[in-house]
Every structure is written in C-alpha cells, then in structure tokens.
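Single-structure report; data block below.
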Amino acid sequence: MESIFGGFGDLVVPRPKEHLGQTDLSFGGKLLPALKICEDGGESGCGGKVWIAGELLCEYILEKSVDHLLSKTVNGTKQFKKVLELGSGTGLVGLCVGLLEKNTFHDGTKVYVTDIDKLIPLLKRNIELDEVQYEVLARELWWGEPLSADFSPQEGAMQANNVDLVLAADCVYLEEAFPLLEKTLLDLTHCINPPVILMAYKKRRKADKHFFNKIKRNFDVLEITDFSKFEHYLKERTHLFQLIRK
C-alpha cells in the first residue's frame, strides 16, 4: 500500500502552523470534561488537524445521544457495541464517542480509530491525552486493502462481533482514493445486517460528486437535516449523510 498511499502527504497542501498544539472542545458544554485534541501542524499531512466535518459529526452525535449513542435516531433501541471511524486523523470523532461512553458509564462499547501508519502515533497520543485507553483503540487501516479480522464481517453466531457503526468525516478529499474508500465501505457492509454508516463531508470541489454518484449504485445516500446546527453547517457547505447498503 505504500505505493498507493505514499503520496498522500505530497498531494495535500501543507496545513497552516496555527493548527499546532492542543485544542479543547466541549461543543457548547455538551461534552464535559472537554475533549482534548493535539494537532501536529501538518507534520503528518492533512490528517493532523481538526476539520469542520468532524466537528459536525461530533455535534450530531452529542445532540442525538439519548440513553445511548444515537440509538434513538438511527438504530431503533439497539446499543452500538463496535464503532469504527475511518480516516480518523486526529481521532476527533472516535474520541468524542469514546469520551461520551466513559462519561455516561456505558460498558462494553469499543471504538476503533483508524488511519494510515504515519497517523497512528498521533491517534495514540490523543487517546492517552483524553484517558480513554479502555474505550478507544488505534488501528492501522488502509482503504482498499482486505479488512483485518477485527473488522471483517462474520455471519452466524459470530456476527455479534461485527462493526455496527461506521463513522467518516472529511474522507472525500483525494480523488485517487475514491475507489479505495468505496471498496472498504462495501467490504464493511458485506453482510446480512450491515452497520450504520454516518459520513460528514465538506463540499470543496466538483470532483467530489463523482464519489457520491458512484457509491449510489450500492448505497442509498440520505442527507440528515434534523439537528440544531444544520443551517450553520449548510452555510459552510458541510453536510451529513447516512449510507444504507442496497
């Protein structure tokens, strides 16, 4: 995968140095103690900073977390047990879920924050910073590659161990990676009871629509609008979708 993903850093404009150091995020007091995120100023590429789509997804999760994470809005009454964030970068969204789990004393839910190898040290640093080592685990995951045993869907008695919630924020940014991301989403949902997929995305280029047009062959793409800051994020051209495997 080095040959495919090795150019990620070269293809992305370096991040401004103001995205360096620790940021505390409480999302208007919805998350206390505040989430602590270390940004690396672009040292690890585009993943080493907080992006607006990640903030949107956190806002939605915190607003809709009644009794348990999102259970009242996207999954009936079922408790999510295995959460996977794709392209985690700093780990913002996954760490938000993990800290929410820790603060509300829900037992048994594991959150996996995943990205390419060069971002794993930053993910681990933020996990330690927020003291969610029990709730959140960092794993290397290359889009387009076969899924590891941790994430590959199982059937029968083993399906209870499957990922049941997939989170992705600002993963649609590099056109060369579109087919790889699509393959990973297809692999994760290749089962009788596929996971819920929530994808937040900031519209930047016309090319981005090619990704959504292509995945509509295998997924219904539903825009989520029923949250308090919808209009705010709409002005920022940032959207939230649920992807449902056909």
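Cβ atoms here come from the backbone N, Cα and C positions, even for glycine.
What you see is a predicted model, and the numbers here were worked out from it, not measured in a lab.
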- Given that Swiss-Prot lists Trp51, Gly87, Ser88, Gly89, Trp143, Ala169 as binding S-adenosyl-L-methionine, which residue among Asp115, Asp130, Asp187 does it place in the same site? Asp115
- Least surrounded, by Cβ count within 10 Å, of the binding-site residues Gly87, Gly89 is Gly87
- Task: Based on DSSP, name the secondary structure state of Trp143 (S-adenosyl-L-methionine binding site): helix, strand or coil.
- Result: coil
- Message: Measuring Cα to Cα across Trp51, Gly87, Ser88, Gly89, Asp115, Trp143, Ala169, which the record gives as the S-adenosyl-L-methionine binders, how far apart are the two most distant ones in Å?
- Response: 20
